[in-house]
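Worksheet for the structure shown next.
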Amino acid sequence: MMQDVSSSPVSPADDSLSNSEEEPDRQQPPSGKRGGRKRRSSRRSAGGGAGPGGAAGGGVGGGDEPGSPAQGKRGKKSAGCGGGAGGGGSSSGGGSPQSYEELQTQRVMANVRERQRTQSLNEAFAALRKIIPTLPSDKLSKIQTLKLAARYIDFLYQVLQSDELDSKMASCSYVAHERLSYAFSVWRMEGAWSMSASH
């Protein structure tokens with residue numbers, strides 16, 4: 001019996017069947033692994049698209065499309081911001097000419113006041129020169145006119161103290177003024193003016 005079993009050859013049909021049964025068993029695990037990898041990769045890709053990165057990518061892609069509503073809203077917002085900035089610039093530009101005009105008016109008013117002050121001062125000095133007896137060669141400046149006026153007042157005080165004028169002559173203002181003018185001119189020419197002015 002042992003010889004029959006050992007010596008009995010295996011038919012090629014049985015070998016082909018056994019080989020065919022073994023081959024699918026060997027081939028199934030790799031195919032299953034490959035399918036699992038493909039499914040995992042597809043799940044990962046789907047998850048990446050649905051995740052934060054996918055959402056961000058989709059948002060950026062949607063913003064890049066020219067006809068997307070998101071871009072239209074952003075464009076409107078940016079246009080509104082630009083309009084607001086332009087309005088602010090126009091308001092500031094409108095305020096600057098007003099300040100410049102105010103400065104100009106202030107300068108004009110200051111110039112007018114200075115001219116009035118100078119004119120009134122010149123008129124006062126002209127009136128003082130008419131009162132003070134002067135020589136034909138006198139070309140007095142303002143400070144010289146003030147000094148001469150002070151000396152003339154001092155001279156009048158001395159005249160009143162000396163009682164050189166008579167009561168009759170003093171009653172006539174015109175004659176008294178003429179005599180005082182002459183006496184003051186003589187007093188100046190004698191050097192009293194130069195001596196007193198030097199002090």
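Note: Cβ is positioned from N, Cα and C throughout, glycine not excepted.
Copied over from Swiss-Prot, here are the features:
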COMPBIAS  1-18  compositional bias 'Low complexity'
COMPBIAS  34-43  compositional bias 'Basic residues'
COMPBIAS  46-65  compositional bias 'Gly residues'
COMPBIAS  80-96  compositional bias 'Gly residues'
DOMAIN    105-156  domain 'bHLH'
REGION    1-102  region 'Disordered'
REGION    158-188  region 'Sufficient for transactivation activity'
> For the region 'Sufficient for transactivation activity' (158-188), what's the model's average pLDDT?
Replying inline: 63
> In the domain 'bHLH' (105-156), how many residues does DSSP call helix, how many strand, and how many coil?
Replying inline: 42 helix, 0 strand, 10 coil
